[in-house]
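Here is what TrEMBL says about this protein:
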- 1-19: signal peptide (SIGNAL)
- 31-67: domain 'Leucine-rich repeat-containing N-terminal plant-type' (DOMAIN)
- 83-272: domain 'Disease resistance R13L4/SHOC-2-like LRR' (DOMAIN)
- 682-706: transmembrane segment (TRANSMEM)
Amino acid sequence: MGNTFLNLALLIIFHFSVATFSMKLTNIVTDQSALLALKDHVTHDPENVLANWSASTPVCNWLGVSCGSKHRRVTVLDLIGLGLAGTLPPHLGNMSFLSLLYITYNSFHGRLPAQLSNLQRLKYLNFGNNNFCGEIPSWLGSLTQLRELSLYHNNFSGIIPLSLGNLSKLEELRLFENQISGPIPSIVFNISSLQMIALGNNMLSGPLPSFPRNLPSLEYINFAYNNLTGHIPKDMFDHLPNLKDLILNVNMLSGRIPANLFKCKKLEMIYLTRNQLEGSLPAEVGNLSMLQYFFMSRMIPRQIGNLQNLQYLSLRVNNLVGPIPPAIFNISTLRLIFLSLNQLSGSLPSNMGIWLPNLAGLYLDSYIPHIVSGLRNLEILYLDLSNNQFSGYIPIGIADLKDLTYLSLSNNRITGSIPESFGDLLNLETLDLSRNSISGEIPKSMEKLRNLEYFNVSFNTLQGEILDGGSLGNWNDAQNLDFSGNNLSGAIPYRICDLNSDLRYLALNGNQLEGALPLSLINCSELVFRQLELEFRITVYIPIFTSIDLSINGFHGEIPDAIGELRLLLALNLSHNTLTGPIPPSFGNLTALESLDLSFNKLSGKIPSRLTNLTFLAVLRFQNNNLVGAIPRGKQFETFENDSYTGNLGLCGFPLSEECSNDETPEPAAGDERGNGKGIAFIWKVVMMGYGSGMVLGISTAYVVFTTGRPWWLVRMIERDLKEKIASWIRKKNRN
């Protein structure tokens, strides 16, 4: 009997051992098979990172694979950022010991296989930054051990499944940057362990949900860039004692900001801009002693000065009125301020250089929230008070901000003159004082601003000459100069030729400038090449202007033929002057031109037939001159109507009703003419670097497309023409 029991016991132990061994063998083989199936579904492996995924190597030694020490089963599959493309096979659902599955930052696509619902030990799931599509599967709610669910930056659509409310241990839910629609399910906020919920950049709609219970762990809420409507629930913040970041910007939320928001004493960031919120900002905002980033709307209470940890403040694009509270500038930690596009008024403080010593940037028109978190160590100072209703004089104290590179006071009601002390802002790159009532002369001290790239004083009441005639030549980096809409007089500064830059925009219209278009500008055509240690200079016509506007002045004399060399010119306006003589036939070379306005002058002669070469011309104004003869036919000239030619009694032919006689034929096309040296060339010095047989042009296609809006193929065509001319010159130089 004893032997029988012993034998039975041994038999049971034997069978159990065999079964256990068999199970272990089968399971590790199952993991291996699942991973090899994944490898087979990978269609692109640029770095061949899955090369060691083979039967000849133990599974636990494969790249991205980790196994548990107890059961020797695969517990971690981490393939972050390997550049893989393909789909997920259903076999992954057989890896029953998997606790972490990360394939973030790859290019996997397709739908998620339902077999993944078998991964009941899974705690961390991150499929972010791929191309998955379809609805978010409801079976995700069965993975009850999940701590993290990250499906962000994919193409998921449909609604957020209610089953996610079953994930009672979930800490992080990241579904942002998809195409998810419908309401935010309130059941998600029954998860007491939730620390982060990020649903921004989707198509969610409906009201914000109420939070039905205490959420002691929730620190981060991001519902930005959706279509959420209605009021912010009054009780929303009663149950969030540890909330640090609240991001609700760019929705359609309305009503008042609940006062209990400011009971969340641990708040570090508030972002509510670009909604339809109303009412004043509660004084309780002063209770948020931990606040560092403040992007909000409406009135500015004086209690804001209590936020002694505040670094970033945005109240832009609202209807803010009144002065800027001085208390703001008692905050020594403040780095950036956004207050643009409001109706702020009052005089600018005279001691601005004193109360802004620690401010790295005061932005009141620039909107860059996406990089704001990286500006903690910013050393450059930006000051932008544009688009408000500030009045009074420009504070002299601004000149105390010695590191200032960007200054904009445009579109206000500022009077008085430009301070002489502005010449001390030696680091200044952008100065915009446009659309105010600033008077007096442009200070000669500003000739010291050698780093200036953008200068705009348009639409003021400035008088005198442009920088006393000669100082402009010191602005070696100038790219955009706008003096239009003032009472400036005298001639165009002769030293404008000394600008060693790729000046793209010069506006002088709407002044009282006079004299002939200056002959000296024909010399602004020097092109510098550097190849290895060899440096040489040539004079060629490589124009880079895109727009010239000299309208509404007192210029006289003939239009220089040299303007026809500005091959990249997109717009030319010489209207409302007293120019005489013919339209230069060389204008037919301006093949990129889209707008040509020569109206209200005293031009004579025939319209050159070569202008029919301007196939991109969309605007043509020749009104009120003394032009005669037949209007050219063909191409763009078939599209212009009578009002392009009114006030020229000697013109005839289509589209006018006046028919031409036999001797009134269009001017014959002339050959390609070079500039005759009689006038303006506006061709500037460009530095071009060459290494070996290649060169890098000073004008990039992307830059021109971006700044001009021109079609990329047109820019490429013009760029190719320039490169061919330069290459031809180099070949000739090498032969010699």
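Cβ coordinates are placed from backbone N, Cα and C, and glycine is handled just like the others.
Sequence-distant contacts of the domain 'Leucine-rich repeat-containing N-terminal plant-type' (31-67) (same chain, six or more residues past either end, CB-CB distance under 8 Å): 73-79, 82-89, 91-95, 97, 107. Mean pLDDT for the domain 'Leucine-rich repeat-containing N-terminal plant-type' (31-67) in the predicted structure: 92. Sorting each residue of the domain 'Leucine-rich repeat-containing N-terminal plant-type' (31-67) by its DSSP state yields 14 helix, 6 strand, 17 coil.
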